[in-house]
């Protein structure tokens, strides 16, 4: 594929230039060839390449075809040398077959139909000019008997000629022969990947980790933003203290950390969208399973989530001087870690459903907004409307459980100054039950366990959606294709019949006279 000079370069992304677009195209073809597929479909493999590169690419594909592989490619404006490498040719116009047979016999078919290719013209250019009626405005293409025909009329004549030709008869006979031969045979079901589950997991994890570490916008930029925001939050709530007003300050800081700090995880959504594109392609090729991908994604992202949560918790916890003690700090770090992991998993669920980045960000932001408003900070849990918002939303809201655990971790065991001087001190337990409305019937570790359960539920939901898409998408595409064909058949442009000769007055110039070329067959 001519990639020796860039063998040691990165492919590149939005901040690393990497290899060129043509090299990326050649690389994608090479990767598919390495898997040795029985059938290889290529959509315009030479687009964006120069004539020399296009020739060598198609020549390499020709060698692959010669060793028993079937290659089907749509080709964009091939040169005469590239066109000569193809074994068979299928010409389509408005969804109908104009020619299907050996590529070298297409010139003879057009000549027999009365539309010969000039001697020094690229055959593919000639064929497309004869059948492409998108820009048919009465311009005349041929001399002789066909001088007054438009491109649409030429297309219709070629279509009729092919239906009655030996080429169509041979194609129908071959299709019937293959159908008869394969009747009663069961399709051999082969395992998509020959690698073991452990090999798939280790390879995917290593690749994802490498990609995440190299892509500055995937996690590194978010880690920097988390650190900067944590410094700002810590300085705002510096040495929050234990006076009466500190109750509100501690609650506000905890609400900000549980809400807005986890909300920033939505910044990884563009990377999730790109990752889902790669997964969809590789999954269709059967390289690995859904469960392996799900697990490898979590394992590779976990170290970065630890860095985000540990750095943020360390800065805010010690600058604000929350409840001292290693166990309290450990809980605060774990609470933030699992909360961020839940948001990341939720964004993966959204990325697996929505088709583009903009819709994903909007839906993701809306989802987290609902979680924030029902978490118990903006309105106390007991004051939420019981139908729907209290039951079940607040109970399946990861942020509600995370915030309760954070409040318990910080306030239990602390005494606050009373509102009026000389009054009894307010215990943290009293503040939680009477002022914030949090039940103490279960410990903070139970709250953390529920957040962990929600994380696992989101990962399972992500797995389920991917599995359902594998079964549902082909059926939906079939229904969509049938409806599209049904509507197309109703359009006049799709069922055109040979129209009457155009009477419009135009200056007549044949193709050969335009280029100063003479047809050897005309």
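Just so it is clear, glycine is given a Cβ too, placed from its N, Cα and C backbone atoms.
Taking DSSP states H, G and I as helix and E and B as strand, the domain 'ABC transporter' (2-47) has 17 helix, 5 strand, 24 coil. Under the heading domain 'ABC transporter', TrEMBL lists 2-47.
Taken from TrEMBL, the feature domain 'ABC transporter family G' covers 76-131.
Here TrEMBL flags 200-409 as domain 'ABC-2 type transporter transmembrane'.
Within the same chain, residues 13-15, 249-250, 252-253, 256-257, 261, 264-265, 267-268, 270-271, 301, 304, 307-308, 311-312, 315-316, 318-320 sit at least 6 positions outside the transmembrane segment (216-237) and bring their C-beta atoms closer than 8 Å to a C-beta of that stretch. Marked as transmembrane segment by TrEMBL: 216-237 (among others).
What TrEMBL lists as transmembrane segment is 249-273 (among others).
Annotation source TrEMBL lists transmembrane segment at 294-320 (among others). Tertiary proximity for the transmembrane segment (294-320) is limited to same-chain residues at least six positions away from its ends with a CB under 8 Å from its CB atoms, namely 200-201, 204-205, 208-209, 212, 218-219, 222-223, 226-227, 229-231, 233-235, 237-240, 253, 257, 261, 275, 329, 332-334, 336-337, 340-341, 344-345, 348, 459, 462-463, 466.
Under the heading transmembrane segment, TrEMBL lists 326-350 (among others). Counting only same-chain residues 6+ beyond the ends of the transmembrane segment (326-350), those with a CB under 8 A from a CB of the stretch are 257-258, 261-263, 265-266, 268-269, 272, 297-298, 301-302, 305-306, 308-310, 312-314, 317, 360, 363-364, 367-368, 398-399, 402, 405-406, 409-410, 444-445, 448, 451-452, 454-455, 458-459, 461-462, 465.
TrEMBL lists 357-378 (among others) with the feature transmembrane segment. Residues of the same chain lying 6 or more positions beyond the ends of the transmembrane segment (357-378) and with a Cβ under 8 Å from any Cβ of it are 251, 254-255, 258-259, 262-263, 266, 269-270, 272-273, 343, 346-347, 350-351, 384, 389, 393-394, 397-400, 402-404, 436-438.
The transmembrane segment feature in TrEMBL is assigned to 445-466 (among others). Counting residues 6+ beyond its ends, the transmembrane segment (445-466) has Cβ neighbours under 8 Å at 279, 283, 290-291, 293-294, 298, 331, 334-335, 338-339, 341-342, 345-346, 348-349, 352-353, 396, 398, 401-402, 404-405, 408 in the same chain.
Annotation comment: TrEMBL describes 492-522 as region 'Disordered'.
As annotated by TrEMBL, compositional bias 'Polar residues' applies to 510-522.
Here the transmembrane segment (249-273) has long-range neighbours at 215, 217-219, 221-222, 225-226, 229-230, 233, 237, 240-241, 312, 316, 320, 322, 335-336, 339-340, 342-344, 347-348, 350-351, 356-357, 360-361, 364-365, 368, 371-372, 375, 377-378, 399, 402-403, 406-407, 410-411, 436, meaning same-chain residues at least 6 beyond its ends whose C-beta is under 8 angstroms from one of its own. Helix, strand and coil counts under DSSP for the domain 'ABC transporter family G' (76-131) come to 24 helix, 13 strand, 19 coil.
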